[in-house]
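Trainee: Checked TrEMBL, it gives:
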type	residues	note
DOMAIN	23-237	domain 'ABC transporter'
REGION	246-277	region 'Disordered'
COMPBIAS	259-274	compositional bias 'Basic and acidic residues'
TRANSMEM	469-493	transmembrane segment
TRANSMEM	514-540	transmembrane segment
TRANSMEM	546-570	transmembrane segment
TRANSMEM	582-600	transmembrane segment
TRANSMEM	637-660	transmembrane segment
Amino acid sequence: MRGKVVMADAEAPLHAGQEQAAIRCREVCRSYGKFKVLNNLNLTVPQGQIYGLLGPSGCGKTTLLKCIVGTLKISRVPGKMVGYMPQDLALYSEFTICDTLTFFGRLHGLTRKETQARMAFLIDFLDLPQKNSLVRNLSGGQKRRVSLGAALLQNPELLILDEPTVGVDPVLRTKIWQHLVEIVKTGKVSVIITTHYIEEARQVNVVGLMRSGHLLAEGPPDQVIKVHGSATLESAFLKLCQSSDRTIPKESPSPLDGELEKSQSFESNRDENRPILGVNVPPEDIPKFTADWKVRAKHVLPKWRNIAALTIKTLVRFKRTPGSLCFQFLLPVIQISLICLCIGGDPQGIQIAVVNNETSPSAYSHSLLSFLDNSSVQQVKLSHAEAFEGIYNGEYWGVVAFSQNFTSYLTKRVLQRHVSREVVDGGSMHIWLDYTNRQIALMLHKKLHDAFQFEEPIYGSQNTDFTTFVTPGAVLSITFYLAVGLTALSFVLERKEGLLDRCWVAGVSSLETMLAHLFSQLFVISIQIFLLLIFVLHVFKMPNEGSLALIIILIVLQGVTGISFGLVISSAIDDEQSANQAALGIFYPNLMISGIIWPVECIPYPLRYLSLALPQTFAAESLRCIMYRGWGLSRMLVWRGFATTLGWNTFFLVMATVILKLRT
């Protein structure tokens, strides 16, 4: 991709015989892979005139317009001075007509009064329905008129319209052309318009005829018709196409990053980058225009006006989809409730076979069996043969057996210093467990050990279960991945619908877009975190010995990191399916090796290094230390969780901004 697309400066010196131009394109090339869309194209749009760009579908008209407005990179001409109507509708379906025009009015810096005045004029001029009508309920033609209204809203000096009259009735089409002719009469407004209706272009001042990325002719319509001895512009275009087919040699496609060669035009001894009609300015005499460094610096800094407009836009979309918003609020509550209710609790009705060969009611074996939690463990008294037959058949999870002389042998073990192996074996409780389900086997271990006396633990409780261990990491994981889901499709859908291009042309930068998405999604995750903490601390009574403020800050930071990661996915990927797969693909690996459901110390060393580099590993340990140990930021295990979260958040935001800037 190479070439120059420049906006003319009113004070720039002009070449002899050269009219003042609003736009000049010189040697513009654009390729998609090996396919050339624009090939050494030259184009000049005179100041204060209507320029009609004609050509069949796929000839490169839309690509050229995107190059001019800067959404495909050659140069950039964004801001209030440009009004752009893309070929796609590029409208927010959740908005009303009023919301749409108000949003673009904010981006262009119009006051509320100016926006309302222009809105009233455009609704009447374009014959639009009531301003409170939702865009999604409009017909195709009405949507195109709303899109045109958004381009005309700020009275731009340069108006770029891509197929504006498609799907519009003849009366309104005539009205639109009359308006375009009227606004260029002052000489301050220039218009580029593409259309499939060739005869419709007779109303333009200058026409450019495109085919296969080449500009075949450029000049006033009557002059193009006269030069080619045709009765209509359509027949002149046909002759140009036929002449082009006969004389342009077929080129082999070249890669995007390779040098694009100049092919020869259908006129002998002249390059194809010179149109048949129009003033040919030697390349060395083309005036060059560069932005002042102060202007460049001004565009680098984010404008809070744009950030506010984009943030309000997202909040309005939330407001128009209350069902989806309520689901987003309730989803984390449902997830944490399922985790607390279904993970880590004690199983109920676990049957074990008891083989007790002691018959005395005062035997120690009966006392030990009475300490078992009968709400979880059901004791089934059987003979030795029946017990083992049952466990082999899967009827019981374990066998507990006592010898006939258990009480007397246990007494000897306690009172005598030296005893035989027979006494040790006979005074022991023998247990066989089915380890095909490790969690149930571990629970039975715990229930059997509860008969013994242990000292109070230094941290936590003797009754701490797996749920208590999992919950802090689960809270962070839910917050992080719901935030990823909120933003992973945001740019994908807006890019697909042409909405991002429209915002770029209005002067919005990639940094402003990132910050606006971050601020608007913060509202959603704040509600989610509030509901999560209510359920974790008050409904399920999870212990908390530390600072609630530190807990909230850490969870919010994890949510912001999730938003940032979602923006990376959204800015790097073009289609919804791939974005969803990327978001879901990293969920389970992160869950498995971040120490959320199993300690990091249990992970083998090659994977442990990867685990320690993930965003949630140190954060989960930090949250456990705050909640269960009552530690503060003075402890390394706590502050490193905050530090790694901030580091990942910054990295993701910078990466998303860079990717989005490179791709636009």
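Yeah, the Cβs are placed from backbone N, Cα and C, and that goes for glycine too.
Unlike curated entries, TrEMBL annotations are predicted automatically.
As the structure is a computational prediction, the values presented were derived from the model and not from experiment.
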Trainee: Where, among 514-540, 546-570, 582-600, 637-660, do we find the most CB pairs under 8 A to the transmembrane segment (469-493)?
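Mentor: Ranked by Cβ pairs under 8 Å, first place goes to 546-570.
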Trainee: So which residues does the transmembrane segment (637-660) touch in its own chain, when a touch means Cβ under 8 Å and the partner is 6 or more beyond its ends?
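Mentor: Distant Cβ neighbours of the transmembrane segment (637-660) are 491, 510-511, 513-514, 518, 550, 553-554, 557-558, 560-561, 564-565, 567-568, 570-572, 615, 617-623, 625-626, 631.
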Trainee: What residues in the same chain, six or more past the boundaries of the transmembrane segment (546-570), come closer than 8 Å to it by Cβ-Cβ distance?
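Mentor: Same-chain contacts beyond the flanks: 475-476, 479-492, 514, 517-518, 521-522, 525-526, 528-529, 532-533, 579, 582-583, 615-616, 619, 622-623, 625-633, 638, 641-642, 645-646, 648-649, 652-653, 655-656, 659-660.
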Trainee: Do any residues of this chain, six or more beyond the ends of the transmembrane segment (582-600), have a C-beta under 8 angstroms from a C-beta of it, and if so which?
Mentor: 470, 473-474, 476-477, 481, 484-485, 488, 566, 569, 573, 607-608, 610-612, 614-617, 620-621
